[in-house]
Amino acid sequence: MNKITTLRWFDILIITFIMFFLAIYSSTLQYFALSNEMVSLDENLSFSPSDNYIAILTEFFYLVLVYFYLKFRKFDFSVFTNRIKFNLKALFQGILIFIFIATIFDLYFILISCFLEPINLKADAVNLVKFDMSIILFALINGFFEEIFFLGICLFVKKEYIKFAFLYSLIIRFSFHTYQGVETAFVIGFVLGYIFYLLYGRIKNLVPFFVAHSIGDMIGVSMWFFMLLN
């Protein structure tokens, strides 16, 4: 049997269920708890080293399940390898993408702070300094985990369905970040998702997006991190 190079709608749904069902469910519960003031935003954003290691093992397990599912579907994995190119150029592009996205995020939060309670950026920066090896390892696998789905798997559909798959990817990206608040989930899900999609269409390499995402997971998606540490 010939290997397939595109996925069907049910493939995307099954893989979404494997990779993100629990994250969406948990994020939704945390969002309602946050909305009802049962927990604080700081509590929702606090993760211990053990939390990070559990997340690493969980995401690795999900990736293994997805691998075997795609193997069962006779998927041609060269579709992935043709879009994953590790080199210095990709690393440099990833850093530039992070800087660009971080600047967009800063402008977004400055804008919404005119209508909402201001964010304590200095306190956030101090907290971000306290990352350890567990955060670094988690950031590396999570950057791969999320972007291989949103820019890879979701877009491995026939050309006429890409626009629908793209819109679907934005909704899923939004849905499991709601624990951070709707405002943050919106900029992550729709703004970052849209920009990543446009840039990926030009770069045709997933690695820069793994890098940019991982940096954001390590230190936060903001240039204030660097400004406030000086």
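Glycine too: its Cβ is placed from the backbone N, Cα and C atoms.
Features reported for this protein in TrEMBL:
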TRANSMEM  12-33  transmembrane segment
TRANSMEM  53-70  transmembrane segment
TRANSMEM  91-113  transmembrane segment
TRANSMEM  133-157  transmembrane segment
DOMAIN    134-218  domain 'CAAX prenyl protease 2/Lysostaphin resistance protein A-like'
TRANSMEM  178-200  transmembrane segment
TRANSMEM  206-229  transmembrane segment
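Beyond the transmembrane segment (133-157), the same-chain residues lying 6 or more positions past its ends with a Cβ under 8 Å from any Cβ of the stretch are 5-9, 12, 15-16, 19-20, 47, 49-50, 52-53, 55-56, 59-60, 62-63, 66, 79-80, 83, 165-166, 168-169, 172-173, 193, 196-197, 200, 206, 209-218.
Highlighted: of the candidate stretches 12-33, 53-70, 178-200, 178-200 has the greatest count of Cβ pairs under 8 Å to the transmembrane segment (91-113). Distant neighbours of the transmembrane segment (53-70): 11, 14-15, 18-19, 47, 77, 134, 137-138, 141-142, 145, 153; these residues of the same chain sit at least 6 beyond its ends, with a Cβ under 8 Å from one of its Cβ atoms. Averaged across the domain 'CAAX prenyl protease 2/Lysostaphin resistance protein A-like' (134-218), pLDDT in this predicted model comes to 97.
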